[in-house]
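For reference, TrEMBL has these:
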type	residues	note
DOMAIN	391-525	domain 'NACHT'
REPEAT	1015-1047	repeat 'WD'
REPEAT	1059-1100	repeat 'WD'
REPEAT	1145-1186	repeat 'WD'
REPEAT	1187-1227	repeat 'WD'
REPEAT	1228-1268	repeat 'WD'
REPEAT	1269-1310	repeat 'WD'
REPEAT	1396-1437	repeat 'WD'
REPEAT	1523-1564	repeat 'WD'
REPEAT	1575-1609	repeat 'WD'
Amino acid sequence: MEVTSEMRAALMEGHMTALPPDKSNIVRIFMSSTFSDMAKERNILLQKAYPELREFCQKQGLDFQVMDMRWGVRDEVVADHMTCALCLMEIDTCKRLSVGPNFVAFLGNRYGYRPIPAKIEAEELDILLKKAGELDMDTAVINEWYLKDDNAVPAVCLLQPITSKFKYYTDMEPANESLRLKDKEGWYQVTVQLENILRTAVKAAYKEGLVTEEQQHKYIKSVTETEISRGIMESTDANQRAVIFMRNLQNIEKHVGADAVSAYLDLMDREKLNEESQSLLEDLKGKLPAKLKNVHQYELEWTDKGVNEDVESHASYLERFSDDFVADLKAMIFKSLQSESEQEQNDDWFLTEVISHARFCQAKCESFCGRQEIFDAVYTYMKDTDKANHQPFVIHGASGSGKSSIMAMLAQNAAQRFGENLVTIIRFLGTSPHSTLIHPVLQSLCLQICEVYGIEAPAERVLNNFAEIVQYLSTLLDKVSEKGRPLLILLDSLDQLSSVDRAYSLTWLPKSLPPNVHIVVSTLPEEFDLLKTLKRTVRSDRSYIQVPTLSEQVGSEILDTWLARIQRCLTDKQREVILSAFSHCRQPLFLKLAFDEARRWKSYTPESELRIAQSARAAINLLYERLEVQHGTIFVSHTLGYIAAARNGIAEHELEDVLSLDDEVLDDVYQYWSPPNKDVVRIPPLIVTRLKYDIMEYLAERQADGKRVLQLFHRQFIECAQERYLAGDNSRARHHILADFFLGTWSNGRRKEITMDVNGKREYYNADRNVVPQPDKYDDNVFNRRKLNEVTFHLLHAGRMDDIFKHTLGNLDFMNNMIDAFSVKDLIEDYNMVLQLQDNLEIRLLRDALRLIKPTLEFKGGYTNPLATELVGRLDWLSDRSRHIGSLVSQCRAWCSRWCDRDKLPRLVPQGQLNIQSPQRSCCTRWHEKEPDMSVITRGASFPPPAFERDAVNSLSAELVGRLSSYSADFVRIRQLLGQCLSWCSANCVSRGAPSFVPHGSSFPPPGGPLRTTLAHHRAGITSIAMTPDGGYMVTAARDCTIRIYENESDVMELERTLTGHTDAIEVISAAPNNELLVSGSLDNTLKVWNLETGRLVISMEEDHAHYSHRALLTTTRDSRRVVSPVGNGVNVWDIESGKLQFTLKGHEGAVSCLAVSHDNRYIITGAEDNSIKMWGTETGEMRNTFSTHTGHLTCLRVTQNARIVSGSKDATLSVIDMESGEVVHRLEGHSHPVYSLAITSDGKYAVSGSDKVVKLWDLSEGREIRHMQGHYGIVDCVAITSDNKVIVSGARDEHLNVWDFGSGRLVQTLDGQAAKITAMEVTGYIVVTASTDSYYTKVWEVEQSKMKMSTPRFIDKHSIVGVTCDAGYVVYKREGSENEVSVWNSKDGKDVRTITDKDGSVTYLRITHDNNCVVTGDEAGFIKLWNLNTGQFIRQLDQGAGGIRCFWITRMDRYLVAVTDNNSVSSWDIDSMTLLWTRKPNCDGKITCVTMTDDRKYTAVGTDDKQILVFDNKQDKVVYVLVGHDSPLTCLSVSHDQKLLASGSTGETMRVWDLGTGRLVHELYAKSPVFKGIVCLSFSHDDKYLLTGGHDRSLKMWDLQTGNMVTAQYVYATITNIVANRDNIVLTTKLGYVIIEDILLPSPRTPEPEEENLFSGRSVNGNADEADQPVLKVRSRMMKKSNFCQIL
């Protein structure tokens, strides 16, 4: 049924009348046939056709299911006469669900079993009994076996179960064999009598016109014909959905009496042909061609074994039959898919979601009664709040109280009350794939609202970002309010949401609603404290109603309604039993359970069997107990256990497969008969179907991961099943089988052994369980979402941690597929899930690595998105310590190789030892004194986070290696995982034919260390940080006019919402003590008060903020009622509720520079630049005291809980003042520079102060200095103390965050990831948040001592005067805090090993010679000196230049040096002879910024800040070319090895490559970065085929010099300061002090042979490092070339 535009519009508006059928992705075939004569056909289908069809369907994203209800079941077990009814129900299910074909029938020479009806209407049976009496037939047997049930309306007569009279009929115990045979014969005789009487009577009645032909036929037709009638004759589309195969065994009638014939013909007394059956069969075959065109007919000669595959013609028939079966079904499936694709424009996920909830709503509204008082309360709320701002309405009640039905009725009937103009949107949370997580719920809500109201849908960026969609919803509701058309949103069962995205905090729920918009939610009162959370923000009692219990009268009415719907009634006694039990538990759920039990009662059911429990939980247990008795304890307990254990439900075919893997279940099922096929052992489908239909009322069908799954429909059913069936070891056992299923352990023909006790004998089978294969993905773009979402969950609960590392969270293929099918966030949630149950260090490290990688992987539109290189870059240092991480690194390297060769482009990969040969170095200018403005956005690009502002995006593998490598020695699993990463990178380089970069070792910020995350949401410098007193929210404000609110209740801060409203830079924010309000001050001359929970603007006040250019201050009073805001020399005090100015504090003669409010809220204390401190009354504004204890401007001020003021001043002192007495208790002296920052311990006993380079700890009670802490190189603007007084943190203008031990004053660690002066800092617990006005990202650190040990060694580069040896062994850099000292840093040990001191002046530039033996320095005095790198000893000095050395270049053989001096002179020396060769001063207007020279001294090139390049011919001593074209100052130059090309980089967006011989521009290289920050260094590859560039965009890029295209890139998270291009790899240094070795993978130049392609095609790299390495070795030896530029792996 196509969804028309009219139907869609009605659905979106909430009109749930005509609903389209559910979209299905199942091909579900009902197989109809007689059984024994079709055994060979069934076997070949099982072995050949089904696997082929299953694979075909999987590639189309479909599941293939066959419902063969006769397979594996003996007639004796079906004693309740329900088989035929179950088959018909199953045919209807196949019709409803199947895509394409749904019914297949096999007809041979046998008509099949003709049962007597199990149910006959009482009036009809009376006619037959009367007619039988007239024929003098004894009808006693009829009256004995058919009992009248007056509870049915109309009354029916039911055939009693066989075991009601023959109790041994189904008893398979060997000891009772004779009794069973006796009962079997007894039932046979009864059957003969019943058939004779009923068939004789009905024929007579038909002749007299008392019954119809159809009524007569049901007494004589076979089960097969009944199924064909339902599947074909009653179908309107049988030609598109059904097929019949008819086989005729020629001359079989001549062989009646032979042994095999009885299986192929209907016989009487086993020896005589049943003519009536044969006639009925011929009639049936004659009718089919007129109804169905899909009829296949086969003619076979009879053999003494019937159908015999050993006979050539029979074998050929079976093959043809199987091929025809496959071809027909494929054609039907394909045609159905084509038909669906034509309607694809009407199909989107959120339409499916809307339809799903509409259908659920309809089901909940059926037979609803009562609850008018709740409806009246909701309608009154809607009416009263329709024209004003208001809050949501909350319905709460106990589990089973009927909340969902109430919400459904509201959705259905609200429009009748408020008019058809009302738009109603409902979500039954937890009932569909997009309603369990709050993010997709909000997505679908916004899309539906936009569609109904004609509002443009939000951008994909907004939809996919949780914080932005939360913010968007509030804005959207405001727009809806203005439309004038009312909106009602109903959200049922908040408690059914997953906790992901902090759903239970309810911060996503709009708490302030505009007119015309109403939200009603329902929830359990105690679950997850949801009701308590709601009451914190929705405070009006009128917004709540509790669902009361049902009255007995309403309960009775509901019972009558339900009974009438199913056309049944109860006897008086039965009704009394139900209502008596209901009086003890008056909940709808209990009444439903009681009703479902009573509907089974017949009017003749003995009173002793009328059992009803007294509570809902007891009733559920009673139901489970009954099922166990009826179907078997083992079978029921395992089946319901699997359903309850599933993470997101379980599909029907999955359940059958799982049960087929459960040896305990199979042993129970086959205890009395052997499986029908010794090579295939499975659970008989009929057994599963019987149980399914018995519990159908309690199973909910829903969509999960694109599949239709079953779940227990109510929370109490799930909880009860978990308690009953998943207690103790049962849980682990069920999850173990589920894990095996989703891993595909026993699929693809892999046999599983089982020994079963069959009739007291042990039978051994090594059989195929014929379960569905479970690859991660079925085709390129068809992912196995069920496996990806379920398998880790089951491995975890099965206790199989090694398998988690091997197959999922330590398996690179799985990780990549999980990200592609879902998202990085979903993958991280799986790690979180594991950590909730098991605190595994390796899992935690991998999780933390992924968190750091997440912004990189989520970048859209970049050069590439490889995971492997990121993993290598972060995890490689862990490879030797962790088996699993080491394995992952290997996988990553292999992936990069495949990738490289697939794209035929080179890649950089971390691998192996360095092969040092003639490195090419970069030439770079001195680092800018100030970083470029990071807030600049070029080309009008919309703002992306800084991690996104690049075109280099790393693979997961590279990220993990780069972050985790240092852990691999300690953690085996991490080592395995990194092994996978490296293998993945290597193999992927091959498969993609593209080059790869992968960092060698840990080179990205690693997980497990102090850096928790980087919050990159602002687009300009961050001015202020605020933390709510309870630590629940962290808030940042920036000069981009936005405020970002982050929740701090989970282990990672998540962006909750963004506040917009200011029109100019926000300079200061303050969180109120009540944890609910935030105040912001902006250069737009407003103060704004915001509600943190809702994000709503509470009020706005205008005041002059001209003084903000000097200093911005703001606070609130302790009662959260007033805002205290300095304005120049005065202080305004505003009332928050009214927004009115209460008074202004006047008295200071200088600008107010600091302020505080006393803990008792009585005083406001201010400090100013008039050197005074003043105390003011909070209530009146009256000045209470003035303190003139300082001789310099006040800079900082704090108040202790014991009423003391602690102040810091530019006079380098601190004062401690008693507020009550006004006495100066202590004057603290010791600083030699102004005090800039101050913090007080929570107990008020100690203070920490920050000055220039120094931090001090003071004892306030004794007034003495305790600790003097020196470790900074700049002014300390921020200090703080952890609440337990164990750690001091200080942030300074030297860009360092220092962590100190409170007790000893020891510097624990210096953290320098901020890469900008730290101007704002907040601390909660051990979490430290830092920010800078010079950067638009916030760093979140954890300073607990154990985290300090997990950080990677780095050198401290503050001057960007740095060099690195080509083997990356040593870094030489200008020492911080000293102008004339250079440190030599050993990268292996992470320590400075020696210091080189230039006594002539400040070092201005340095290089390392290409042979790694010498350090060359230039100083401000104009000297260039050579030093021994290994000893630090001075070697020689070149002739003094004409000015201070600005920069220089050393030719590759270390023979010549060319330098630029401060007076713009250029000089050249012969290093060996120490001779000055020449000096010239170019005629140029700009300052020379960089220089290079060819190795043969022919050309010298200089770049200037006026955007020109001058090329000198040294022999002719003249400028031969002036190269123009750059639009920004030049920063670096480099010349190729063959002396033919010159590369130039600038502060702009482009690099250029020039022909040195002609001056012609060869290539202009554009990096395409949204925020391009300029090139710092560049270098040619050894073979001059590629150019490598690095700069402020924090990425290494490789350019193909033949085409001018960028071929690969690597994001390294910091500005690149050096590039050394070796033959094998690339060595980098970064501004953060990392040394990075990037290995390069180049694709193979030839086409791999077929056997080589098989090495990686569709192959999953497992977690075993040794196994993973084997195919990689082949790649190394056969598929990769060892170029003259890089050696692969």
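Heads up, the Cβ atoms here are built off N, Cα and C, so glycines get one too.
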Checklist outcome for this item: Same-chain residues at least 6 beyond the ends of the repeat 'WD' (1059-1100) with a Cβ under 8 Å from one of its Cβ atoms are 470-471, 474, 507, 510-512, 536-537, 1020, 1023-1030, 1032-1033, 1035-1045, 1108, 1112-1116, 1118-1120, 1123, 1125, 1134, 1136-1139
Next on the checklist: With contact taken as 3 or more Cβ pairs under 8 angstroms (pairs 6 or more apart in sequence), are the repeat 'WD' (1523-1564) and the repeat 'WD' (1575-1609) in contact?
Outcome noted: yes
Checklist outcome for this item: Model confidence for the domain 'NACHT' (391-525), as mean pLDDT, reads 89
Checklist entry - How does the repeat 'WD' (1396-1437) divide up by DSSP, counting helix, then strand, then coil residues? => result 0 helix, 23 strand, 19 coil
Item to check | Residues of the repeat 'WD' (1145-1186) by DSSP state, where helix covers H, G and I | outcome: 0 helix, 22 strand, 20 coil
Item to check | DSSP helix/strand/coil residue counts for the domain 'NACHT' (391-525) | outcome: 64 helix, 24 strand, 47 coil
Checklist outcome for this item: Reduced to three DSSP states, the repeat 'WD' (1015-1047) has 0 helix, 19 strand, 14 coil
Item to check | For the repeat 'WD' (1059-1100), the number of residues DSSP places in helix, strand and coil | outcome: 0 helix, 24 strand, 18 coil
Checklist entry - Are there residues at least 6 beyond the ends of the repeat 'WD' (1228-1268) whose Cβ is under 8 Å from a Cβ of it, and what are they? => result 1192, 1195-1202, 1204, 1206-1216, 1274-1281, 1283, 1285, 1288, 1290, 1292, 1298, 1300, 1302, 1304-1305
Checklist entry - Counting each residue once, how many in the repeat 'WD' (1575-1609) are helix, strand and coil under DSSP? => result 0 helix, 22 strand, 13 coil
Checklist entry - Going by DSSP, how much of the repeat 'WD' (1187-1227) is helix, how much is strand and how much is coil, in residues? => result 0 helix, 23 strand, 18 coil
